[in-house]
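Q: Sharing the feature lines straight out of TrEMBL:
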- 154-172: transmembrane segment (TRANSMEM)
- 184-202: transmembrane segment (TRANSMEM)
- 222-247: transmembrane segment (TRANSMEM)
- 282-307: transmembrane segment (TRANSMEM)
- 352-370: transmembrane segment (TRANSMEM)
- 391-411: transmembrane segment (TRANSMEM)
- 417-435: transmembrane segment (TRANSMEM)
Amino acid sequence: MLLGVSRSAIRFNALAGFRTCTRATQTRAISTTSRVQWSTPLTTLGAQAKATKATEPPAPLPILPSPAVGRWLMASSVLVLGIIVVGGVTRLTESGLSITEWRPITGILPPLSHDDWIVEFDKYKATPEFKLMNHSISLEDFKSIFYMEWGHRVLGRLIGLVFVGPLVYFAVRKQIPSSMTLRMSGLALLIGAQGALGWYMVKSGLEDSLMETPGAVPRVSQYRLASHLGMAFLLYLGMFGTGMAVIKDYKYANGAKWSGSSGRINRILSNPLLKSFKRQSWAITCLVFLTALSGAFVAGLDAGLLYNEFPLMGGRLAPPADELFSPAYAKNEDKSDTWWRNIFENPTTVQFDHRVLATTTYFATAALYLQTFRPALRAALPPLTLVATKAAFAMANIQVALGISTLLYLVPVSLAAAHQAGSVMLLSAMAHLLITMRRPGAAARAWRTLKQAATNSKKT
C-alpha cells in the first residue's frame, strides 16, 4: 500500500512537473513572439543602421595642399616682386612710354631687323615725350629704353604662364581644395587685369592733349600709376600669404609645433593680449600699404626731386600752408576741390604726406616691437611671433634709411629701386607676422588629429 501510494504520488508529481514545464515553455514562446512582434521595426532599423555604419567607408579627409603648392606660390610672389622692381626702374629711366602699342600676343617679340626698329622708332617720334623731351635721342638710345619696357612686359607675361599653368595642373589633379582653386583663379584674373591696367596707365602718357597744356611734362597719370602699383601689391600679398599658409599648415599637419609653441592653440588665440596685438598688427599692415601707395604718387609727380633734405622741408617741419594747399590746383570755379587736388596733384603736398605716413608707420612699428618686452605680452605671444615682430621692425629701419638716402641723393635709380623693393619687403614682414598668429586651416587640423590617433594606436 505504501508502495502504491508512492508510485501514485510519483506519477502525479511527474505529470504536474510536465505540465508546469510545458506551460513555462509556452509562456516563454509567447513572450518571445510578443517581444519580436512589438520590437521588430525598431530592431530592424537599428540593425540596418549598425550594418550601414559598419560597411560605410570613413568620411574622406579634406585636401591638404602639399609643400609643392606653397613653393609654387612663393616662386610666383618672387616674380611679382621682380616685376615691381623692374617697373620702378622702367619709370626711373623714363622708358615706360617707348612702346606705343599693346599687343598681348605678338608683342612678345622685339623688333628683329633694322627696318623693324625704324618702324618702332617712328611710332615713338609721334609721342609727346619725344617731341617735348627726347627729340634728340638716337636710334641706339631708343633701343635701350625700348628693351627696358619690353622686358617689363615680357616678365608680366611670364608671371601669367608660371601662375596659371601650375594652377590648372594642381586643380585637375585635385591637389588643392575647391575654395583655394576659386581664390587662385581670382588672382589669375587679377594678373590679366593688371596687364590691361598697365596699358591704360601707359596710354595716359601718350595723349596728344599734353602738347596743348602749358608746362606739361609727358608722364603717366599718378592715379593710374598708384592703381597699377597697388594691384601689384595685392597680387604679391595674395601669393605670398597663401604660400606661407600652405607651407605652415603642411608642417603642422605632420606634427610640427604651431608658431614654435607647444601650448593649446585655442587658449593662446583667445588671450586678450594676443588679440589686441593682432589688431595692432593689422592696422600697421594697412598703414604700410597706404604709405607704399603714397610713394606711387611721389614717383608719378617726381615729387622726390623737391625738398631734398630731412627731416626739415625748406628749414621747417612743414612747408607754408599756401604752398601745401595752393588754389592753383583747383579746377572747380568755387575752388571746392582745392584740398583733395593738392593732396594728390601738388608735388609738395604729396611729398609731405608721404613723409608723415612713413614717419607714422615707423613709430607705429617701433611701438609694436617695444610692446614685446612687456613680460605679460611676451609670455602670451608664440615664439615665432616675437621673432617676426623683431624682423618687421628691422625692415622698417632699413626702409626708412633707404627712403631718406633716396631723398638726399636726388633719387638715384639704384637707391630708388631699392626703396621700392623695401616697401614690398616690409609688407612681407608684416604679412608673415600676421601668419604667425593665424589658426591652422581645417584640413591641417584634421590630418594632424588623424596622424596623432594612428600614432597612439600603434603605441597601444
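From the backbone N, Cα and C atoms, a Cβ is placed for every residue, glycine too.
Because TrEMBL annotations are produced automatically, they should be read as predictions rather than curated entries.
Where in this structure would I find these features, and how exposed are they?
A: Within the same chain, residues 65, 69, 72, 75-76, 79-80, 82-83, 86, 104, 108, 181, 184-185, 187-188, 191-192, 194-195, 198, 239 sit at least 6 positions outside the transmembrane segment (154-172) and bring their C-beta atoms closer than 8 Å to a C-beta of that stretch.
Residues of the same chain lying 6 or more positions beyond the ends of the transmembrane segment (184-202) and with a Cβ under 8 Å from any Cβ of it are 96-97, 99, 102, 104, 153, 156-157, 159-160, 163-164, 167, 176, 220-221, 224-225, 227-228, 231-232, 234-235, 238-239, 242.
Same-chain neighbours of the transmembrane segment (222-247): 65, 67, 69-74, 76-77, 80-81, 83-84, 87, 91, 163, 180, 183-184, 187, 190-191, 193-194, 197-198, 200-201, 204, 289, 292-293, 296-297, 299-301, 344-345, 350, 424, 427-428, 431-432, 434-435, 438, 441, counting only residues six or more beyond its ends whose CB sits under 8 Å from a CB of the stretch.
Distant neighbours of the transmembrane segment (282-307): 88, 91, 217, 219-223, 225-226, 228-230, 233, 313-314, 319, 344-345, 347-348, 350-351, 353-354, 357-358, 360-361, 364-365, 368, 406-407, 410-411, 416, 419-420, 423-424, 426-427, 430-431, 433-434; these residues of the same chain sit at least 6 beyond its ends, with a Cβ under 8 Å from one of its Cβ atoms.
If one looks beyond the transmembrane segment (391-411) by at least 6 residues along the same chain, the residues whose Cβ comes under 8 Å of a Cβ in the stretch are 92, 304-305, 307-310, 358, 361-362, 365-366, 368-369, 418-419, 422-423, 425-426, 429-430, 432-433.
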Q: For the transmembrane segment (417-435), find every same-chain residue at least 6 residues outside the stretch whose CB is under 8 Å from a CB in it, and list them.
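A: 81, 84-85, 88-89, 92, 233, 236-237, 240-241, 244-245, 248, 278, 281-282, 284-285, 288-289, 291-292, 295, 385, 388-389, 391-392, 395-396, 398-399, 402-403, 405-406.
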